[in-house]
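Feature list (source: TrEMBL):
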- 9-389: domain 'Major facilitator superfamily (MFS) profile' (DOMAIN)
- 12-39: transmembrane segment (TRANSMEM)
- 51-72: transmembrane segment (TRANSMEM)
- 79-98: transmembrane segment (TRANSMEM)
- 104-127: transmembrane segment (TRANSMEM)
- 148-166: transmembrane segment (TRANSMEM)
- 172-191: transmembrane segment (TRANSMEM)
- 212-233: transmembrane segment (TRANSMEM)
- 245-266: transmembrane segment (TRANSMEM)
- 273-294: transmembrane segment (TRANSMEM)
- 300-321: transmembrane segment (TRANSMEM)
- 333-351: transmembrane segment (TRANSMEM)
- 363-385: transmembrane segment (TRANSMEM)
């Protein structure tokens, strides 16, 4: 790998930058999840209204991700990587000082910027700085940053919130984001910038991988519903204390990180990426359905979370690696696919919250998640047959 000076090997540092960037840019979805018992209690929020914060986060990210290719053309990945961290610092500072629910919503909206930039920008860094033979491993490691964030948030923030209040968690995360920015500052080179004139001549946005984009939408519905409501489900339905519900998020993060690294590493050797996507979706659906009997037998929740975390999150490693193999050097295709994923993440919390509020039970919400994963699995299986890829 090329390092800070463009020539000497600094592979560990570069992988750390990629991992840190993906961790920071995706933190807010897990923050909203583990702080749900504290914030909903303070502002007396329904599940639907609280879910709207996650939807605002993902809606902002959709817009940014669809523009990511043009932004990389114009400014380069290095500038955008620094902007990603700066936006995260600002959002978490706002979360730390806000007196009301509107501030939480605004912080979520601001975090849509780094969330939308994360995958396209880090993909460009991988393409330009990582040898082709190692891109699967690098992609798996960087995608694991999402789940590393879930692990760290789940283990630390409930305890911090219980001891010092949930706003203190925002201050702690602002420090973490600032530290990530400091680590990334030595990265040099525009990496993907083509200049304003050439960027303006690029073709209008299209959907280069329609089947993968639809798969991503469905995966987004499932992921956002689980991330947003699993801790609240454990707290309200299973009677777990908030700190123990946070451990569920940590377990989800630990296994999800392992899944993404494993898929990335094996992806270098096993190129049938549609079969990967089908298998991961079907396994995730089966694990989600196990949450329904867990309502009567709470011990099952651990098996369900383990099954979901070890499978469903791995799709992004396979998808991002597939796009890089197809020649996505400027993050444009990744931006469209991740835009679809984030669009699904807008809908997931709203639909899940509405279903659970309307029926008075979490069972309908978990059926929604399982259905989204089953449909995405069928789509991937059909695509595997058609393309033999």
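Backbone N, Cα and C atoms are what each Cβ position is placed from, and that goes for glycine too.
Fair warning: this is a prediction, and the values are worked out from it, not measured in the lab.
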Contact between the transmembrane segment (300-321) and the transmembrane segment (212-233) (3 or more Cβ pairs under 8 Å, separation 6+): yes
Taken over the domain 'Major facilitator superfamily (MFS) profile' (9-389), the model's mean pLDDT: 86
